[in-house]
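Remarks on the structure that follows.
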Amino acid sequence: MPELPEVETTVRGLARYLDGAKIARVSVNRPDLRRPFPPGLVQTLTGATVTGLGRRAKYGLIHTDRDQTVVFHLGMSGRWRIEPDTIEKHDHLVLETAAGHVLALNDARRFGSVDLVDSAALDQWPPFAALGPEPLGNDLTPRHLHQAFKDRIAPVKPLLLDQRIVAGLGNIYVCEALFRAGIRPDKEAGKISRPALERLVPAIKTVLAESIEAGGSTIRDYAQPNGELGYFAASWRVYGREGEPCACGGTVARFNQGGRSTFWCPKCQK
DNA sequence: CGTCACACCTGCGAGC
DNA sequence: TGCTCGCAGGTGTGAC
């Protein structure tokens, strides 16, 4: 479900209910996701006021007036359910605001995480300190990719999934960005030409921006998130389209890279 | 350090 | 109807 555009739209959806809100009740329905919930999570959040929301890479941020920020990651299957009718299986963390709004973090596979981090030291939090530039910020440039890919013999696609090189890309958008840039996913990263990198950077930015604009690929309705495919899924040009025709007249192909499916058009990506 | 394989966990659709 | 298999948007660790 969640790559950068999905996390961004999730955060925007949460902000409608949480920004400036007081958290009246917090319940944790199991001890852990990928990691244990942080000790003191319930105590710290109960009675706290949310001072703002944000995103870093694929992490969502809920800032509070306790000088602590809730940092959540949705893993593969995580989503926030807003105003659920009932609490369901896999609603692991539930927040209720003083205004009576209920928000439930649901994650069947539990690859996600929730951490509590000192707000003033977020950048030094180890998972954040290791991240590369935000793809939608000014620091993702052809020069940055040139430096990151220099002398690397690995194929470009798994390198773009490396959060230390670009923070926030996932399998769908890497496939889509490489398609738009006309670069084959198994191209040796260090051998990608400068003009190709000049195409790749805007391809990454536009595919992410268009998806955010469309509300993400998988989260359709923030009033009642249901995990169904979002509008942007209809805009995938290669992802999930093995065997279908490409606009160029070729056929979308699929192969495996590092245990992940790669979709591409052998006719337009060189 | 770079690269790769694998582990973590549940649900769903396809095929038999 | 019910079983097994393969697959899924991510990350972290450990072996070479």
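Even glycines carry a Cβ here, placed using N, Cα and C.
Where the annotation comes from TrEMBL, it is an automatic prediction and has not been curated.
Under the heading active site, schiff-base intermediate with DNA, TrEMBL lists A:Pro2. In this view, A:Pro2 (active site, schiff-base intermediate with DNA) is surrounded by 25 other Cβ atoms within 10 Å of its Cβ, with every protein chain counted. Mapped onto three states, the DSSP output places A:Pro2 (active site, schiff-base intermediate with DNA) in coil.
The 10 Å shell around the Cβ of A:Glu3 (active site, proton donor) contains 22 further Cβ atoms across the protein chains shown. Marked as active site, proton donor by TrEMBL: A:Glu3 (among others).
Taking all protein chains in view, 23 other C-beta atoms sit within 10 angstroms of the C-beta of A:Lys58 (active site, proton donor). Per TrEMBL, the feature active site, proton donor maps to A:Lys58 (among others).
Per TrEMBL, active site, proton donor is recorded for A:Arg260 (among others). Every protein chain shown contributes to the tally, and the Cβ of A:Arg260 (active site, proton donor) ends up with 13 other Cβ atoms within 10 Å.
According to TrEMBL, the feature DNA binding site maps to A:His90, A:Arg109, A:Arg152. Sequence-distant contacts (6 or more apart, same chain, Cβ under 8 Å) of A:Arg109 (DNA binding site) comprise A:Gly75, A:Met76, A:Ser77.
If you look up TrEMBL, you'll see A:2-112 marked as domain 'Formamidopyrimidine-DNA glycosylase catalytic'.
Mean model confidence of the domain 'FPG-type' (A:237-270) amounts to 94 (pLDDT, 0 to 100 scale). The domain 'FPG-type' annotation in TrEMBL covers A:237-270.
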- Task: With a Cβ cut-off under 8 Å, give me the same-chain residues at least six positions beyond the ends of the domain 'FPG-type' (A:237-270) that come close to it.
- Result: 155, 157-158, 161, 171-172, 175-176, 178-180, 182-186
- Note on the structure: Checking the binding-site residues A:His90, A:Arg152 for other Cβ atoms within 10 Å of each Cβ, the smallest tally belongs to A:Arg152
- Message: Here's one to test understanding: among the recorded positions A:Glu3, A:Lys58, A:His90, A:Arg152, whose C-alpha is closest in space to the C-alpha of A:Arg260 (active site, proton donor)?
- Response: A:Glu3
- Task: Check the Cα distances from A:Lys58 (active site, proton donor) to each of the recorded positions A:Pro2, A:Glu3, A:His90, A:Arg152 and keep only the ones within 10 Å.
- Result: A:Pro2, A:Glu3
- Distance from A:Arg152 (DNA binding site) back to A:Pro2 (active site, schiff-base intermediate with DNA), taken between C-alpha atoms, in Å: 28
- Message: Across the domain 'FPG-type' (A:237-270), what are the DSSP residue counts per state (helix, strand, coil)?
- Response: 0 helix, 12 strand, 22 coil
